[in-house]
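Right, one structure below, let's go through it.
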Amino acid sequence: MKASAGAKVELSGLCRSYGDNQVVDNVSLTVASGEILALLGPSGCGKTTTLRMIAGLISPSAGEIAIDGSSITALPVHRRNLGMLFQNYALFPHLTVLENVAFGLAMRGLPKAVITERARQALALTRLTGFEDRMPAALSGGQQQRVALARAIVYRPRVLLLDEPFGALDKKLREEMQIELRQLCNELGLTTILVTHDQEEALVLADQIAVMRGGRIEQVDTARAIYERPTSHFVADFIGTSNFLPAEIIGKADGCTVLRAHSGPLFRSTVANELSPGDNVAVVVRPESIRLSQGEGADSMNAVSGKVLRAVFKGQALSIWLDVNGADIVASLPIEALNDINPQPGEPWTAQWSFERTLIVREQ
Amino acid sequence: MSSGDSVRASMLSPSRRDEVSGRVTEAASHTAERAWTIFSGTRFTGYWLVAPAVLFLAIWFLWPVLTMIHLSVSARSVDGVMVEGFTLDNYIRLFSSDLYVRILLRTIRIALLTSVIAALFAYPLAIAIARGGPALARLVTITILAPLLVNVVVRSYGWQTILNKTGALAWLLKLSGVTNPPVLLYTEWAVLIACVHVYLPFMVMPLASAIGRIDRAVEEAARVAGAPQLSVMLRVIFPLSLPGLAVGVSLVFSLSAAAYVTPQILGGNFSPLLGTLIEQQILTLNDWPFGAAISTLLIAMVLAANLVFLKVVNRRFARWTGDIR
């Protein structure tokens, strides 16, 4: 199969409500050609509804969907030329693997020989050669997933839509499939929109992540930027683990923001932000940004001291919880960097982090 | 425990005897336990549970049917006099008479046509029940089941007033400009219309249940893959609803092949079916052996048709669910 340039997808002001319930609320997004975008969020955040509106299975209450600049909002599902992977694969149980894959091509009225040839190519691409005459019920979950993928890409769709595609697979197979899918999408240059509630899946698969909450988009950025520069409490909390210290901005100088925690200590951050003095914010620190030192040393910048609550060994890292004036601060130390550090419950320790790793988010 | 054992036990020393008798009571309780296990154990529980139904059917259905079949080959009527002894005369008579063969073929034709027409009407209704909103589904279900609430005789006379020469249909056709409206009463058409009407629910219900079981995502997958509504219907919903269709066709075919009152009232003597023929032979002509032969043929025909429908569909269905490979 030839690599085809994927299409650019633009959502503008997309809304969907059921009665008084605004499920999707003014979603605007641009997915560049060949890019993989993940709609990430907890269940009920409107991510699936957004995907189904793009597919045409749900019509929007307001807003526009455009592919390569032309609106498809009014186009019926079957004329949108999209590929879609469903949560439970949704294979045609009465058709063989080859017939399943050939379905979309047959719908496009291609000659029979071409259909068979291209269906076989798609099956080869998803490593299913030899399974042509099997029935879906006789396949394992991973194989069914591949058939569904072959069926979705065989007619060179303009956009590939994935609805929680790996939910039903076990962890190891899921990770394999994620990598395979990413490679395939990149090889084919397919513009892909993925819906998931699994942050790890979004981080592994997507170039861009759109974090959704309550029908709105909270933040859109690259996986790394979302992780390293969350702009809201929700995003910082939803992706990865974060420590939150309620604080107040007291000044800005030389690209530096100075904050005072409600509990007293001062922090300095070099992370760019659009906040102004007086704003109600929280200092966010990732557990892995924290360095620990024994004893009380809270007089230096970006440091808090507390008593060790507990230490939990987690394989690659040791997690240590500190009680800092009644608030929990968790630090994650890679096992490699532990050396002789061995905090015991009850001991006083100090957590410290750099200015670059001091994130600030606005609090509601 | 055989009596030999107890004899030997009595010859043993006292202490040994105690030991043996202990074993005897143990064995007895073990036997009782096993009897209870057979009664209540998982292996046999199912048989005990179906036993009353099996018994009931054996006495009130199987036995009469066997008696009937027996009668059809053990006697014949010669000039109104019953002659006993094994004979195939009744069957030979049935197939050698042009009249009877015509009635047989008409019965099969009406049963098949009723099934096909009912199926055509049933699909949209079944889809409305399976895929429509709860209010629509309930409305359609009630409308379809309504004819079953009316007595078959009343219903048939109702159709008679609609279909006769001066009936509602003729009046409507005349109003709409048809100069010489056809009279449907006492034709096969009247029987067909009434049969479709009353047996429609037996087609709709299994179909609706089969369609309701089709994963909506499968339909959506077809649409996204480029299938317009008609193709989704023909290539996805129809094949996946076949198990329901088979049950529906089985029911409707059986019921309309065995229908008696409806064809009697609406078809009259101009287009009798097997049911009418049986009634005539048994109640009017008093030829019970011949009536039994026709009944046996009817049962055999319906049974064969059912087996074929179910077999064909079962094999297909087994492939989808992965039972047969």
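Heads up, residue numbers simply count up from 1 along the chain you see.
Glycine residues also receive a Cβ, built from the backbone N, Cα and C atoms like all the rest.
Note that the structure is predicted; figures quoted are calculated from it, not measured.
The region 'Disordered' annotation in TrEMBL covers B:1-23.
Taken from TrEMBL, the feature transmembrane segment applies to B:46-66 (among others).
If you look up TrEMBL, you'll see B:104-309 marked as domain 'ABC transmembrane type-1'.
Summarising the annotation, TrEMBL assigns transmembrane segment to B:110-129 (among others). Only residues 6 or more beyond the boundaries of the transmembrane segment (B:110-129), in the same chain, are considered here, and those with a CB under 8 A from a CB of the stretch are 136-137, 140-141, 144, 188, 191-192, 195-196, 199-200, 202-204, 207-208, 210-212, 237-238, 241, 244-245, 248-249, 252-254, 256-257, 263, 273, 305.
Sequence-distant neighbours of the transmembrane segment (B:135-154) (same chain, 6+ residues past either end, Cβ-Cβ under 8 Å): 125, 128-129, 197-198, 200-201, 204-205, 261-262, 265. According to TrEMBL, the feature transmembrane segment maps to B:135-154 (among others).
Per TrEMBL, transmembrane segment is recorded for B:189-211 (among others). Among residues of the same chain six or more beyond the transmembrane segment (B:189-211), those with a C-beta under 8 A of the stretch's C-beta atoms are 110, 113-115, 117-119, 121-123, 125-127, 129-131, 144-145, 147-148, 152, 155-156, 159, 163, 237, 240-245, 247-249, 251-252, 255-256, 259, 262-263, 266-267, 271, 273.
Under the heading transmembrane segment, TrEMBL lists B:232-261 (among others).
Taking Cβ pairs closer than 8 Å, the transmembrane segment (B:290-310) reaches residues 65, 68-69, 71-73, 76-77, 90-91, 93-94, 100, 104, 107-108, 111, 246-247, 249-250, 253-254, 257-258, 274-275, 277-278, 281-282 in its own chain, all 6 or more past its ends. For B:290-310 (among others), the entry in TrEMBL reads transmembrane segment.
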